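Here's what TrEMBL has on this protein:
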BINDING   ILE140, GLY141, ASP142, TYR143, VAL144, LEU145  S-adenosyl-L-methionine binding site
DOMAIN    1-236  domain 'tRNA methyltransferase TRMD/TRM10-type'
Amino acid sequence: MRLDVVTIFPEYLEPLNVSLVGKARARGVLDVHVHDLREWTYDRHNTVDDTPYGGGPGMVMKTEPWGEALDTSLADGYEAGAHSPVLVVPTPSGRPFTQELAVELSTEPWLLFTPARYEGIDRRVIDEYATRLRVVEVSIGDYVLAGGEAAVLVITEAVARLLPGVLGNAESHRDDSFAPGAMANLLEGPVFTKPPEWRGRAIPDVLLSGHHGKIARWRRDQAFARTALNRPDLIERCEASAFDKKDREILSILGFAPEPGGRFWRRPTAVEE
Ligand code: 6GU
């Protein structure tokens with residue numbers, strides 16, 4: 001997979017040299033190109049922003065540097081044999097980034113990211129490239145960052161670990177929380193390793209029992225407990241048919257009850273902790 005990133009802070013993308021993404025690059029699975037947007041400015045101050053038409057606070061990133069940066073990056077990539085670029089535009093007004101979108105992007109041969117600062121990029125730039133390429137505007141969550149660079153790191157890491165040959169084995173993704181079809185989309189429960197006792201804290205007996213059926217059941221119960229606590233919406237979203245008899249018992253203990261519609265809803269509790 002080829003990745004291009006156009007940014008006014010190339011050094012912000014340094015983490016792409018480290019850890020999992022760094023290894024994917026070293027192995028030749030990922031071909032990363034970071035470009036400095038200011039290379040395509042021609043005034044003394046390397047201006048990339050200007051005041052917004054219609055007034056209002058903040059600044060807007062100018063069309064011309066982005067147009068030249070994207071034309072050049074695209075030409076370089078095509079020349080190197082890349083094809084079918086997808087323009088990924090990080091923006092808090094984009095479509096939510098999910099594991100499903102990560103899986104989808106991991107099948108693309110070429111992603112071109114346009115992290116913006118200020119109030120964003122002049123809309124005409126996105127509209128112009130949308131006539132030629134697939135454009136996906138993506139938000140990584142319901143909060144506002146000062147710029148899209150951190151979002152590029154997040155998206156890249158989520159995508160890179162799905163590429164063939166990056167993680168140890170394909171099995172590794174199957175149980176990911178949020179993996180499509182993962183245990184009814186529950187959050188994963190706690191994990192433990194040696195030593196068997198630490199500061200007076202033991203390992204749950206069942207994990208030492210060697211009884212694989214009991215261990216799987218305990219892990220699922222833990223997953224339900226954690227999901228009920230942190231993401232009850234994930235349980236409410238599941239079809240009731242995803243739950244077996246023991247699941248239903250656990251759900252009842254956790255305060256969920258089946259509705260005629262076929263889903264489980266949490267009974268209102270006296271005090272939400
Ligand atoms: Cl992709 N960019 C910015 N600036 N803020 C965000 C975001 C992206 N996703 C959530 N908040």
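Placed from the backbone N, Cα and C atoms, the Cβ positions cover glycine too.
Note that the structure is predicted; figures quoted are calculated from it, not measured.
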Non-site residues, in chain order, whose CB comes within 8 A of the mean position of the CB atoms of ILE140, GLY141, ASP142, TYR143, VAL144, LEU145 at S-adenosyl-L-methionine: PRO92, SER139
Close in space, distant in sequence - VAL144 (S-adenosyl-L-methionine binding site), Cβ under 8 Å, 6 or more apart: PRO92
Ranked by the number of other Cβ atoms within 10 Å of their own Cβ, which of the binding-site residues ILE140, LEU145 ranks first? ILE140
Mind telling me which of the binding-site residues GLY141, ASP142, TYR143 has the densest Cβ neighbourhood, counting other Cβ atoms within 10 Å? GLY141
